[in-house]
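Report on the following structure.
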């Protein structure tokens, strides 16, 4: 009995000693499971944006998810992920990986998602993905792939989505996807593919979405896709497709959306192009080179509920009438920006409005509506009643003569009314723009506006001041006095060399004074014997002429005085010159 008690006590002591050791071992293994600089959430390890050049070796063996995104990994070595046999998803995108060993993914058979996008991979060996047969999602987009091996995806029977977007692929091998029987999404967009073989999609019986946009296809034959019996969405936008044909009589009942926008489609090869897709619901034909669509093509669009036709070069003639009538009866979604590209007079006008306003569909094929000029309205003379005895047979109608109906007048009034509204709106907007400019300049530069106002006020004040000065000053008056001396004064002047001369005052701003000269100069001088003195000066009166001797010793003194209304004039004595001669 005592021995048993001692043995129990010793066993409990051993357990107490072993328990801390086990705990320390578990803690150390947990610490070893999360590498330095990484973030661990349960069994998920995130080593992102760490500039890693090698994959950490201290990752726990029970890791279910590993993210090594945004690092500097350059290659994947042999058995790179050995020991991580529980791994279900692996993210290696946005690295510098250019070389992958054929056996790099050995030991991770449970992997379901592998992301290798945005690297520098230029090729894969055929057996690269053989160890990961349980893959559901494989992303190889945004790399530098030039070609694919014929057995590149062999064995990937559970693959659901395959992304090969934005590479440099030119061709796709025949039957390369034959083992991908469960594939639902295939993205081959943004490559350089020019053509596809007829059996390239063999075995893809569950594919629902196919991306072939931004490639270099020039022709499209719907007979390439008879094996895609489950395809619902086909994207072929922004290629160089000019012709769409159908060389096989079959019904593609699964297709619901077809995107052909951004191509160079001018016409369809025949009315049976869309007859093989009776359940088509969405059709994109915008940004092509279509000028019209025939009635047979329109009749095959029996299930459409969404269509886009903008960005084409629609010719607004009678050929457009079938499309306009179809659009009017279409009850689904459509764009309203279907614009005429020709003729020149209708460029920029909505197709439906052009047909409605210009009666394009109401005219014969030989008659053209002249839109460059407005035709004058015809005037009709009232018919005078004929006498009953003058009954003449009716003249046959002239060929081509038509009487304008009431629709023409209504259309003209409608057009003129629109022009009036457009002109009024333009005038109103221009006035608003002017007012806005004035307001902004007043707010932005208040000092300059004040200076302009002050300058305008100064100009007004100066103008008013000039007008007041003109009213205050008297009008300029000039008098010409014809001075004729008497006989006694003439004889005295001849003998003595002197003679009296009278200066009269008058209201003017200028004055004239007589010139001093001798007798011979006086008799021979034919110009007025006057000169001009300073302005506003009053002259001395009764100043005589002097001889040459007296001129040397004598100076003419004039007493001046400022006066605004002074002018003195001297007469001319040309009559005496004539008498003496």
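Just so you know, glycine gets a Cβ as well, placed from its N, Cα and C.
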**Complete:** According to Swiss-Prot, of the residues 357, 518, the one annotated as N-linked glycosylation site is 357
**Prompt:** Considering the residues 126, 496, which is the one that Swiss-Prot annotates as N-linked glycosylation site?
**Reply:** 126
**Message:** Checking feature assignment: transmembrane segment per Swiss-Prot, candidates 336-356, 378-398, 399-419, 420-440. Which range matches?
**Reply:** 420-440
**Correct range for region 'Disordered' (source Swiss-Prot, candidates 281-312, 377-408, 441-472)** = 377-408
**Message:** Measuring Cα to Cα, how many Å separate residue 126 (N-linked glycosylation site) from residue 357 (N-linked glycosylation site)?
**Reply:** 65
**Asked** Under DSSP, the domain 'LRRCT' (312-363) has how many residues in helix, strand and coil?
**Response** 22 helix, 9 strand, 21 coil
**Item:** Neighbour count (Cβ, 10 Å) for residue 126 (N-linked glycosylation site)
**Value:** 14
**Message:** On average, what pLDDT score does this prediction assign to the repeat 'LRR 8' (230-251)?
**Reply:** 92
